[in-house]
Amino acid sequence: MGLSGLLFVFVAPLTLYRLFILDWQVFALDVYLIGSAALIFTCAYRQQYIVFSKLYMCLLVSLGSAMTVLLGGAHQVYWIYPASLTMFFLTSTRVAYLYVLLMCALIIPTLQASLTTLEFINIFVALFGTTFFINVFANEIKSENRNLDLLATQDFLTKSGNRRAFDHALEMTLKESVILNTPSCLIVIDIDNFKLLNDNHGHSVGDAVLKHLVKSAQTVLRKTDTVYRIGGEEFAILMEDASLDDARGLAEKIRQTIEADSAKATPYYTISLGIAALVSGENGCDWLNRADKAMYEAKRSGKNRVVANT
Ligand SMILES: Nc1nc2c(ncn2[C@@H]2O[C@H](COP(=O)(O)OP(=O)(O)OP(=O)(O)O)[C@@H](O)[C@H]2O)c(=O)[nH]1
C-alpha cells in the first residue's frame, strides 16, 4: 500500500509536467503508472486481491525500470537496482528472479548498443551480486516476520489462534458476510468442570486437555474453519458461509468426538457449546455475547450439550 501510495505521489506531479510540455509519449506512460498505483492502493486498502496487487506492482516496477532505460538511454541503468530490491521484498524468490530476468531481457539490446563490453559485464555482475544479497536478506526478514506473526497470533500452549487473531478474524468475517451476503456462524466451546479437573489431576494434565480439545476439534472441522482460544478454557470457531444447522451439526460432532475419545488420551472430560448465527447489522461484540449466552445456557441446563441462540 505504501509503495503504491509513494508511486502515485511521486509520479502525479511529473504527469502534470509532461502534459504541460506536451510530451505525450511519457505522459501516457505516467497516466498508466498512476492509474495502476491507484488500483493497487485500493486493493491493498480493502485487503482484497493482495497476491494480484503484489504481482502487478512487480510488473509495474520491472516494466517501468526497463522503459526508463529504453527511453532515457543506458545511463538510466541504475534504476534496475532499486527495482530488483523492491521485487524481492514483494514476492517469492522465484517470481522475483523471473521479473529481474524480464527486466534484463528488455534492456540488454539498448545496453549492448551503447556500452563497452567491460561496462556491460560490470553492470550485470553487479546486478547478480546485488540480487543474491537482497535475496538472502529478504528471506531472512520474511522468515522473522513469519515468526513474529505466529507469536502475535498463535496461542503458545495449544497452537490454535489466539484472542488477537480471533478479534481480527471476527471483524473480517463480519465484513465478508455483509459484502458477499452469506450466512456465518460462531461456536463457543467451554470445558466442563475444568477447575475440578485441574484440582484432581494437576495443571499439566489440564494443559494436555486443552491441547487435546484443539486437536480433536481440528479433525472434524471444515478446511475453512479455524479454532481460536479466546480465554483460559474457552474456545471459539468461526464458520463462514454456514447456516445455523451446519454449525449445529459441526458442534454436535465435536462434542461427540470429545466425549468418545477424551478418556483414551487424557482424563475423561466433556464440553458445552453455544452457537449464534450472525444477525444482519450486529457488531462482533454482540455476536460473541449471544454465542457466549448460548454456551452458558448449555452449562445451566446440564453441561455436555449444544445450545443455539435463536
Ligand atoms: N491447566 C490450565 N488451567 C487453566 C488454564 N487457563 C485457565 N485454567 C483454569 O480453568 C479453570 C476455569 O474454571 P471455572 O471458570 O471455574 O470453570 P469450570 O471449573 O470449568 O466450571 P464450569 O465452567 O461451570 O464447568 C480455572 O481453574 C483456571 O485456573 C491453562 O492454561 N491451563
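Here the Cβ of each residue, glycine as well, is placed from N, Cα and C on the backbone.
The transmembrane segment annotation in TrEMBL covers 26-45 (among others).
Summarising the annotation, TrEMBL assigns transmembrane segment to 57-81 (among others).
The transmembrane segment annotation in TrEMBL covers 87-108 (among others).
Tertiary neighbourhood of the transmembrane segment (120-138): same-chain residues 77, 80-81, 84-85, 88-89, 93, 96-97, 100, 104, 111-112, selected by CB-CB distance under 8 Å and a gap of 6+ residues from either end. For 120-138 (among others), the entry in TrEMBL reads transmembrane segment.
Annotated domain 'GGDEF' per TrEMBL: 182-310, in sequence order.
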What residues elsewhere in the chain lie close to the transmembrane segment (87-108), defined as a C-beta under 8 angstroms and at least 6 residues from its ends? 3, 54-55, 57-59, 61-63, 65-66, 69-70, 77, 80, 124, 127, 131, 134-135, 138-139, 141
DSSP on the domain 'GGDEF' (182-310): how many residues come out helix, how many strand, how many coil? 65 helix, 30 strand, 34 coil
On average, residues of the domain 'GGDEF' (182-310) score a pLDDT of 94
